[in-house]
Number of protein chains: 2
Amino acid sequence: MNQPRLLYLQSGGPTAVLNASAQGVIETARKLGISVYAARDGLAGLLEDRLVNTDGVSDHDIARLGFLPGGHFGVSRRMIGRFDKCPEDWLRMKAVLARHGIHYLLINGGNGSLGCAARLADFQRHTGHALHVIGVPKTIDNDLVGTDNSPGYGSAAKFLASTMLEVGMDMISMGRGRVFIMEAMGRHTGWLAAAPAAARIHGGQAPHIVLLPEVPFEQDKFLAAVDASLAAHGQCAISVAEGLVDASGRFVTEANASAVYGHEQLGGVGSWLAGLLKRERGLSAHVAQVDYLQRAAGHLVSATDAAQAYQMGQKGVEWLQAGRSGEMAGIRRLSDHPYRWEVAAFPLSDVGDLEKAFPAHFISADGYGVTQVFLDYLLPLMEGERMPPFRQGLPDYRRIEWPPV
Amino acid sequence: MNQPRLLYLQSGGPTAVLNASAQGVIETARKLGISVYAARDGLAGLLEDRLVNTDGVSDHDIARLGFLPGGHFGVSRRMIGRFDKCPEDWLRMKAVLARHGIHYLLINGGNGSLGCAARLADFQRHTGHALHVIGVPKTIDNDLVGTDNSPGYGSAAKFLASTMLEVGMDMISMGRGRVFIMEAMGRHTGWLAAAPAAARIHGGQAPHIVLLPEVPFEQDKFLAAVDASLAAHGQCAISVAEGLVDASGRFVTEANASAVYGHEQLGGVGSWLAGLLKRERGLSAHVAQVDYLQRAAGHLVSATDAAQAYQMGQKGVEWLQAGRSGEMAGIRRLSDHPYRWEVAAFPLSDVGDLEKAFPAHFISADGYGVTQVFLDYLLPLMEGERMPPFRQGLPDYRRIEWPPV
């Protein structure tokens with residue numbers, strides 16, 4: 001009997017713990033006697049038969065893999081539609097899978113990628129090639145339905161909250177009159193921009209204002225809140241989501257671009273808010289645009305997040321071997337205090353292509369902060385520190401070479 | 001005989017290890033039987049008699065102090081001029097110092113603050129009040145003369161280089177066509193913007209281009225370098241100093257503000273470069289503006305930097321007790337490989353109000369990178385990791401209460 005073979009795909013934007021899931025997949029497969037191929041650049045590499053073989057790579061390197069930021073096999077936004085929409089894609093996939101004797105597919109991605117996984121669960125019915133498909137979530141956006149949280153979010157939140165806490169300490173030492181704006185990612189949901197609010201749990205003041213995409217921006221109310229913060233605390237630290245919208249649902253940067261700039265907006269919403277504060281209040285705000293740093297910060301990973309990412313990869317392989325298909329390995333929370341969780345199965349068809357909003361009861365009454373319920377949700381996800389090895393003062397992220405198939 | 005008393009001042013912009021110097025000062029003074037008062041908000045607090053007494057604070061809290069970002073006693077930009085320019089300031093200081101029986105002054109600051117320290121070394125001659133004055137450097141800008149490096153720089157460099165390394169890993173996984181711009185601080189010198197170049201020592205590619213204030217910006221040459229990077233690597237990561245200037249010596253953001261925007265420039269040079277790449281090449285660049293994060297990142301401090309900061313504070317106290325005055329405790333490098341250093345004395349009059357440029361031999365021939373000589377200089381300064389204690393997933397930066405005098 002041939003050795004069973006699994007194909008592992010990373011898809012969508014990377015996180016700081018995406019490769020921890022990859023480590024969980026490969027180490028578990030090795031224990032179970034399953035060969036693991038991985039596609040270069042996600043579905044694109046599968047369709048183009050650009051595969052690598054992880055089997056000959058040393059255990060030591062697979063253990064190192066879990067610390068590396070990014071998606072080490074390469075990711076892409078290439079998706080695959082329903083069979084009736086693009087049969088040629090399905091037949092190309094079938095040819096590649098058959099050529100390499102692959103009957104297990106594990107897709108590690110966000111909502112779009114898991115939507116592909118949901119469709120591909122019907123692979124045998126459409127193509128005749130037996131294929132078990134399991135999804136493992138990843139996204140810093142934390143917007144996947146079903147699972148209590150998505151791997152990647154806890155680490156991004158930990159980085160954002162830690163840096164807001166640190167900047168808050170710096171600001172206090174500089175005295176009155178300081179305004180600081182930190183722009184987090186999040187085009188549609190406030191999961192990331194809300195995270196810095198945790199910086200207040202240790203008695204810190206920052207952030208004084210949190211601006212979420214779920215709360216339409218009102219200029220007068222915002223300016224009054226800044227005034228109030230400066231009056232009460234002498235300072236104002238603001239966490240803002242890149243996707244802040246106005247009452248009409250347009251991104252504020254977009255809606256105001258022509259009126260304010262007369263040309264395409266170049267900076268993000270943080271710079272735009274700084275401009276507003278300058279014009280309307282004469283304030284000089286400092287702006288941090290965190291950008292990729294928040295999802296790549298392998299040096300400050302949440303140990304909880306890394307453990308969950310690993311275990312979801314592990315379960316995915318076990319489930320494939322057990323003959324399961326069409327499921328996502330997600331997190332079910334059992335309790336907040338103490339935090340207890342387990343890996344649980346969610347039907348891929350209930351997850352794919354859907355987006356979980358930041359719940360209304362996580363937002364404070366004035367719309368400019370979060371509730372204790374959100375902090376109870378968030379804090380366990382950031383718990384524990386997982387440092388990478390360091391070499392010459394920098395994280396040791398030496399790349400791993402994967403032999404092509 | 002009364003217990004000798006030292007007044008400790010923090011002045012100028014904070015660093016991640018400024019409070020490590022404070023810890024060194026207080027712990028050393030305790031061993032030597034010296035009382036330590038500290039001024040709130042630097043020279044402002046001294047002039048206004050807003051002092052706190054560290055003597056009753058527990059040893060445990062003083063040990064915690066060394067981990068806290070910011071300047072925990074408060075900083076200000078308030079400076080003090082020559083005696084003949086502002087005798088009233090000197091006489092106010094004298095009154096405060098005499099009232100509290102203070103004859104030792106330790107100023108922990110950058111070039112402006114150390115200029116004040118240099119002037120105040122003549123305190124007794126002008127005012128009749130015996131005062132020994134020692135300076136301890138701090139600045140992320142690393143622009144102090146005399147000392148081989150300034151405490152604060154190694155940690156800021158470590159954060160910038162680590163995050164560039166991490167983003168570089170993330171970019172590689174996303175494939176071709178990505179452009180990323182990371183804006184570092186540095187109005188006048190390239191010490192900070194050059195640091196991410198260390199991210200390449202482990203085989204990484206990013207940053208492909210480093211833009212320093214020392215190299216006047218030439219648009220055509222820059223665009224050609226971006227083209228070349230995209231052609232060779234499929235990507236382009238850029239580290240840029242906020243103080244990038246054009247051939248006429250004006251900040252590029254300032255020089256181009258009216259032509260490009262028709263209004264005041266709101267974003268930083270990173271956004272401005274992204275706009276340029278959009279207009280001239282149709283490229284969509286990601287921009288990170290690191291801002292205060294780079295100087296407040298207590299979670300990723302260089303252990304070497306923290307140890308030097310501590311020991312300079314320690315030496316400063318020992319020298320004051322030994323009757324020395326008018327000196328700065330700085331670093332003398334003894335060798336690169338292995339890195340060996342010692343605390344050495346530099347006359348304050350040779351340091352104050354001066355600025356150390358980023359040396360020409362640290363810049364690569366094409367002006368868009370650094371030399372091995374710079375890396376030999378930089379790497380030891382980032383060596384070692386000093387993590388703060390964590391609590392509930394975040395650095396434990398609970399503030400210390402200082403009893404007012």
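We count from 1, first residue shown onward.
Cβ coordinates come from backbone N, Cα and C, glycine included.
What you are looking at is a predicted structure, and each value in this text was computed from that prediction instead of being measured.
Counting only same-chain residues at least 6 apart in sequence, those with a Cβ under 8 Å from the Cβ of A:ASP141 (active site, proton acceptor) are A:GLY110, A:SER150, A:TYR153, A:MET185, A:GLY186, A:HIS188, A:THR189, A:TRP191, A:LEU192. For A:ASP141, the entry in TrEMBL reads active site, proton acceptor.
Annotated Mg(2+) binding site per TrEMBL: A:ASN111, in sequence order. A:ASN111 (Mg(2+) binding site) counts 20 other C-beta atoms within 10 Å of its own C-beta, drawing on all protein chains shown. Following the DSSP three-state reduction, the secondary structure of A:ASN111 (Mg(2+) binding site) is helix.
Sequence annotations record features per position, and here TrEMBL assigns substrate binding site to A:THR139, A:ILE140, A:ASP141, A:MET185, A:GLY186, A:ARG187, A:GLU242, A:TYR292, A:LEU293, A:GLN294, A:ARG295. For A:LEU293 (substrate binding site), the same-chain residues 6+ apart in sequence whose C-beta sits under 8 angstroms from its C-beta are A:PHE159.
The domain 'Phosphofructokinase' annotation in TrEMBL covers A:6-320.
Look at TrEMBL and you will find A:LYS138 tagged as site 'Important for catalytic activity'. There are 34 other CB atoms within 10 A of the CB of A:LYS138 (site 'Important for catalytic activity'), with all protein chains counted.
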Subject >> Listed recorded positions (A:ASN111, A:THR139, A:ASP141, A:GLU242, A:LEU293, A:ARG295) that sit near chain B [CB under 8 A] >> reply: A:LEU293, A:ARG295
**OP:** Sort A:LYS138 (site 'Important for catalytic activity') into helix, strand or coil using the DSSP assignment.
**Re:** coil
**OP:** Filter the recorded positions A:LYS138, A:THR139, A:ARG295 down to the ones within 10 angstroms of A:ASN111 (Mg(2+) binding site), Cα to Cα, kept in sequence order.
**Re:** A:LYS138, A:THR139
**OP:** Just jot down the residues in the same chain as A:THR139 (substrate binding site), at least 6 apart in sequence, with C-beta under 8 A of its C-beta; none if empty.
**Re:** A:GLY12, A:GLY13, A:THR15, A:GLY109, A:GLY110, A:ASN111, A:SER150, A:GLY152, A:TYR153
Original post:
Rounded to a whole number, how many Å is the Cα of A:ARG295 (substrate binding site) away from the Cα of A:LYS138 (site 'Important for catalytic activity')?
Top reply: 11
Subject >> Conformational class of A:GLY186 (substrate binding site) under the three-state DSSP mapping >> reply: coil
**OP:** Based on DSSP, name the secondary structure state of A:ARG295 (substrate binding site): helix, strand or coil.
**Re:** helix
Subject >> Other C-beta atoms that fall within 10 angstroms of the C-beta of A:ARG295 (substrate binding site) >> reply: 29
Subject >> Nearest-integer angstrom distance between the alpha carbons (Cα) of A:GLU242 (substrate binding site) and A:LYS138 (site 'Important for catalytic activity') >> reply: 20
